[in-house]
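Colleague: Quick one: the structure is below, questions incoming.
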Amino acid sequence: MNVIFLGPPGSGKGTMAVRVGKEMNLAHISTGDMLRAEMKAGSELGKLAKSYIDKGALVPDQVIIDMMGERMKADDAKGGVLLDGFPRTVAQAEALDAIASIDAVINLEVDVQVIVDRVLARRVCEECGEVHSTKTHSGDQCGKCGGSLITRADDNEETVRERFRVYEEQTAPLIEFYSKRGLVENVDGTMPIEEEAAYIVEVLKKV
């Protein structure tokens with residue numbers, strides 16, 4: 001089974017994808033994580049991606065498509081994948097058709113103000129990448145590995161609202177693209193995490 005998670009940046013896609021992926025035994029493939037790894041390594045792809053991300057813009061299709069094509073050849077992706085952050089445009093979706101068939105699309109719906117509040121409270125571990133929230137975690141040490149928690153450079157209100165606008169403009173047409181195939185399930189992205197994950201798992205079990 002191959003599943004796509006859609007939703008604006010900060011909608012909780014990553015959190016849900018990890019939980020649902022484990023429950024359904026699907027490989028969680030996050031373009032965000034891959035891009036951040038490239039940026040941390042200082043590769044040419046990483047530098048290119050950073051120049052777009054710092055402006056709140058989307059990384060060009062071809063860069064993402066080439067990277068995703070390689071990732072989906074890995075052994076852990078052969079039993080099914082959960083795509084988080086890809087595709088983001090109809091052009092990417094059409095390119096994805098040549099790589100894999102899609103069985104379901106989970107669309108997380110969250111209001112922009114809710115996302116702004118979430119993102120401004122977000123802290124990320126420099127060492128392991130674990131995401132924390134100041135709403136539920138106090139202190140500046142990671143609860144998983146003890147590393148230092150930082151605020152991402154692009155986690156500010158102006159960039160968040162610009163990312164949301166870009167998402168709506170470029171990514172929302174994907175919902176229409178996959179709706180025509182009867183693959184989209186809209187999910188309230190403001191549900192409690194456990195409840196939301198359980199709901200999505202039940203939806204996917206029926207696919």
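If you go along the chain as it appears here, the first residue is 1 and each next one adds 1.
Backbone N, Cα and C define each Cβ position, glycine as well.
Caution: TrEMBL annotation is automatic and unverified by curators.
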Colleague: Pick from 30-59, 90-119: which stretch is listed in TrEMBL under region 'NMP'?
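Modeller: My reading of TrEMBL: the region 'NMP' range is 30-59.
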Colleague: Starting from the AMP binding annotation in TrEMBL that includes Thr31, Arg36, Ala57, Leu58, Val59, Gly85, Phe86, Pro87, Arg88, Gln92, Arg152, which of Arg19, Arg163 is the extra site residue?
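Modeller: Only hit among Arg19, Arg163 in TrEMBL's AMP site, alongside Thr31, Arg36, Ala57, Leu58, Val59, Gly85, Phe86, Pro87, Arg88, Gln92, Arg152: Arg163.
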Colleague: Most Cβ neighbours within 10 Å: which of the binding-site residues Ala57, Val59, Met191 is it?
Modeller: Val59
Colleague: What's the longest C-alpha separation between any two of Gly10, Ser11, Gly12, Lys13, Gly14, Thr15, Arg122, Met191, the listed ATP-binding residues, in angstrom?
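Modeller: Those residues reach a largest Cα separation of 18 Å.
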Colleague: Compare the Cα of Gly14 (ATP binding site) against each of the binding-site residues Ala57, Val59, Phe86, Arg88, Arg152 and report the nearest.
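Modeller: Nearest by Cα distance to Gly14 (ATP binding site): Phe86.
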Colleague: Taking the Cβ of Gly10 (ATP binding site) as reference, which residues of that chain separated by at least 6 in sequence fall under 8 Å from it?
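Modeller: When sequence neighbours closer than 6 are ignored, Gly10 (ATP binding site) has Val110, Ile115, Val116, Arg118, Val119, Arg122, Val160, Arg163, Phe164 within Cβ distance under 8 Å.
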